[in-house]
Amino acid sequence: MDLPEPTARKTSSRADRAGRSSSRSGSPVTIPAALPSPGEPGDPFTTQPISASGSGSGSGFRSARSTARRQRTNSTSSRAGERIFIPSNFDTHPIPSPVAGKHTGMPIQRFVSNASLASGYFREGSTSSALFATFEETAALAAASSQDNTPLRRYVRYMARERKGTRDLMIIGIIAAGWVRWAVGTSGWSGRGTPPKFGDFEAQRHWIELTLHLPYDQWYFYDLQYWGLDYPPLSGWLSMWCGKLASHFPSLDSSFALFDSRGAEAQPLPSFMRLTVLLCDAFVYFPAVLFFLSRRLRGSGRGTRTRSIAQLSVLFQPALILIDHGHFQYNNVMLGLSAGAFALLSTNLPNPDGPGFGLSSSGKRSSGPASGGADSSTPLSTRTSKRHLTNLSRRLSYDYVAAAILFSLSLGFKQMALYYAPAVFAIMLGRCWGLAAHVGFDRGLALFSGLAIFTTLTFVTTFHPWLTSPTQFLQVIHRIFPLARGIFEDKVANLWCFLSVLPIIPRSLRPKELMSVEALARVSMITTVLVILPGCIQLFWAGAQTVKVEMEVDEVQQRKGKVSQNGTDAHGRPYFAASIKAPSSYDGASVAGSVMATPLRQPRHRGSISTASATPMKSSVTGGVGASGHSTRSLLPPPPRQQASICPSPAARILPYALLSTSMAFFLFGFQVHEKSILLPLLPLTLLMCAKGDSWGGGEAKIDWEWAVLGNNVATFSLWPLLKKDGVGLQYTMMLFFWNWVIGHRPFSELLAGRQTFIGWFGGLVHVAMVGLHALEAGLPYLLSPSSLDRLTTRYPDLFPVLNVVLCTPVFGLIWLWALKRQLEVGFAVGLGGFGVLLNGGGSGGGAGSGSGASGRKGTPRASPAPVAATPIIRSTKVGAGGS
């Protein structure tokens, strides 16, 4: 294959100007003007540069790149002045210009309209094998205007401009989050000054009192009519540790004296209690959610700034702050332990291109085609590779065991963590099944046994003082699961309360009138199981198919071994070896880049491309000089410098949506639900947030963000009757305004926009209704005479709590349906298109990210048609279904 004389021009990158050699800084970059089509070898492709102004000028593109850098896109190593070349038979779609904010008619492949370009997937096939654009460069254009200029984004950009690292940025953010929590804590609290039982603040204080002074066997028997302990033992352990800490301060002795301290509210007791919640945030909740977001967003290839925006958005979540630091509880411990478990379950696929997978530790191939004349048809050795991949897969299983321990601790702290249990059990059991089916029955049994053993040991350690007596143990279980309390407490926005207060339903047909408490409990359990079953089944299969994708190293290496001497593969296409960033990193690099590709994109070097000799590509000279005197970069083999794309596993991609749908189903249809339980579905919903206007993954990240903000605002509104009773009204108002302003949410703007989305239109109307209810509640005393108001409140004492339930319940139901829909969409996108396909061995390769635009793997192409036909697991599925 002879390549025509290329065109050339100068480049001068920022890195070059910063200190690289002058010869390299001014070296020309030469690009072939034609390359063979992968479908029809020899069919010429003309190439042209993408220009921000649409004219193709280099200066316009440099201006676009400069603006993109200033706006802090997800690009990590963009080079000013380099061209992006697109085959001429691409479809033309206008995309926003990062310079003028206008549309430019640049040639873009058809799938770019679904933001595959922005998500890092370059589909191979009849229109993309000549694509020389690196992901970082293309993302600079595609994502420059993909996020709105919110206050939070301006802060992150300012910190970057001041040369502050991520650590400094997050330290300031964490300090600010702690200060906001402390400010909210200056308000009232649950039951303040309302004897005889006061409220949740007194309950937590009383539990510190009894655990500090009484032996274990009396914890669940002592004065049950006055805030008897009704949480699992780990909550009691935390109360005891807080009591031991308080014992070091003599001024607190009277605040925790047995029996005599009931109703204590004087300082310094409130400050000490607030401080304990803040310490739980600092040592449990903050690290856990930051770990989850870092792992999830890094696994999707997101930039540092996007990760920082998402992390700060989660740290200031209003509902949790108002409940834990206003109303007063320790939900942050349960949610933090759960988030840590979710982070460990969000594994990425292992990297077969690292040492032990055809590459030695120095980056050289252990076997396979040589650059000088060895038999290139010999497949790469797979014995070492398979052993290495098996070891990496085993490390992922260790993550699952650690996740089981953390989740067991979460259950041992508060039983409400059971809302997540079906999803967690499904993904763990799915991995056990996958190991047994695709690796060996012994491996599956070993993981299952490990999960069972460590879960049992965790619960035994937590419950051990009460296991010596059946009476003690049964009393603990009875206190944790009190069926006698009824199907819901107060006015909670779930299905059963909604049906009980809806005015159009006759009183005789309401659930509490039709059935006994025991019958309602059975109906609730059956309904909940039925609605969570589809999502849990899909998550189970995703866990099983993740193992199958991990074990595809044989085919990967055989495909790599079929690269011919002249630099082309079996289909006559130029072979660009995959580069890897983290050697054999189980949470960094991806198997998908190799499973789905031969060829892959050309790795970036400090040199330039030269084909001036117009001779067939056959030898590899890294950093050499071509016939025209231009520096060159090689096509074969890959350089010793290891770089790689990142790809979450299929199970990790759908896990947040499964957790959301499962926990929201428990909240809507479960038994013994109270209003504070909405914090459980809010955790995975909030963890889906990235940044406003984020168009990553075909715009699905933006939609996820809109739903997450709507869910948080409505959930906080649903807590208003409780917060009003606690005297936290001012903090409620300020937190909602502050959080929405910081993240840049303008709920009413969509109602005035020319082109409305469903979530924008629906969310705007919901916010109008919430503001209207608040205005009506505040203005009613001024609209009615005192006698009329007294008659109204006497006849309808719970008027506004009931209206709150009537508004919030349909919104929560719609969020549950959306979560289930998104879970199924992402499942299809990662190759879980149908259980029949899965049983027949197909559909798992997409789990490596082949179909999900959201996985965001940098510089890794999508599967070509030929390998798809040969390998069912490398399915090309819907683009852009993933969120962020």
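Every residue, even glycine, has its Cβ placed from backbone N, Cα and C.
These come from TrEMBL:
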type	residues	note
REGION	1-93	region 'Disordered'
TRANSMEM	169-189	transmembrane segment
TRANSMEM	272-293	transmembrane segment
REGION	356-385	region 'Disordered'
COMPBIAS	358-377	compositional bias 'Low complexity'
TRANSMEM	396-413	transmembrane segment
TRANSMEM	419-438	transmembrane segment
TRANSMEM	445-467	transmembrane segment
TRANSMEM	519-541	transmembrane segment
REGION	602-642	region 'Disordered'
COMPBIAS	608-622	compositional bias 'Polar residues'
TRANSMEM	654-673	transmembrane segment
TRANSMEM	729-746	transmembrane segment
TRANSMEM	758-779	transmembrane segment
TRANSMEM	799-819	transmembrane segment
COMPBIAS	847-856	compositional bias 'Gly residues'
REGION	847-884	region 'Disordered'
**Asked** Other than its close neighbours in sequence, what residues sit by the transmembrane segment (799-819), given a CB gap under 8 Å and a spacing of at least six beyond its ends?
**Response** 490-495, 497-498, 501-502, 657, 660-661, 664-665, 667-668, 678, 681, 685, 707, 710-711, 714-715, 717-718, 720-721, 762, 766, 769-770, 773, 776-777, 792-793
**Asked** Taking a Cβ cut-off under 8 Å, which residues six or more beyond the ends of the transmembrane segment (445-467) line up next to it in the same chain?
**Response** 216-217, 220, 232-234, 237, 397, 400-401, 404-405, 408-409, 411-412, 428-429, 431-432, 435-436, 473, 475-476
**Prompt:** Who are the chain neighbours of the transmembrane segment (419-438) in space, where the CB to CB distance is under 8 Å and they lie at least 6 residues beyond its ends?
**Reply:** 338, 341, 345, 393, 396-397, 400, 403-404, 407, 410-411, 444-448, 451, 532, 535-537, 539-548, 551, 651, 655, 658-659, 662-663, 666-667, 670, 677, 680-681
**Fill in**
Contact set of the transmembrane segment (654-673) with the rest of its chain, CB cutoff 8 A exclusive, min separation 6+ beyond the ends, reads 296, 342, 345-346, 418-420, 422-423, 426-427, 481-483, 485-489, 492, 494-496, 520-521, 524-525, 527-528, 531-532, 535-536, 538-539, 542, 680-681, 683-685, 687-688, 809, 812-813, 815-816, 819-820, 822-823, 826-827, 830, 832
**Prompt:** Residues sitting near the transmembrane segment (272-293): Cβ under 8 Å, six or more positions beyond its termini, same chain?
**Reply:** 170, 174, 177-178, 181-182, 185, 201, 204-205, 238, 242, 245-246, 249, 252, 255, 307, 310-311, 314-315, 324-325, 328-330, 332-333, 335-340, 342-343, 346, 687
**Prompt:** Counting only residues 6+ away from its ends, which parts of the chain sit with a Cβ under 8 Å from the transmembrane segment (729-746)?
**Reply:** 148-153, 180, 183-184, 187, 312-313, 316-318, 321-322, 326, 689, 692-693, 709, 712-713, 716, 719-720, 723
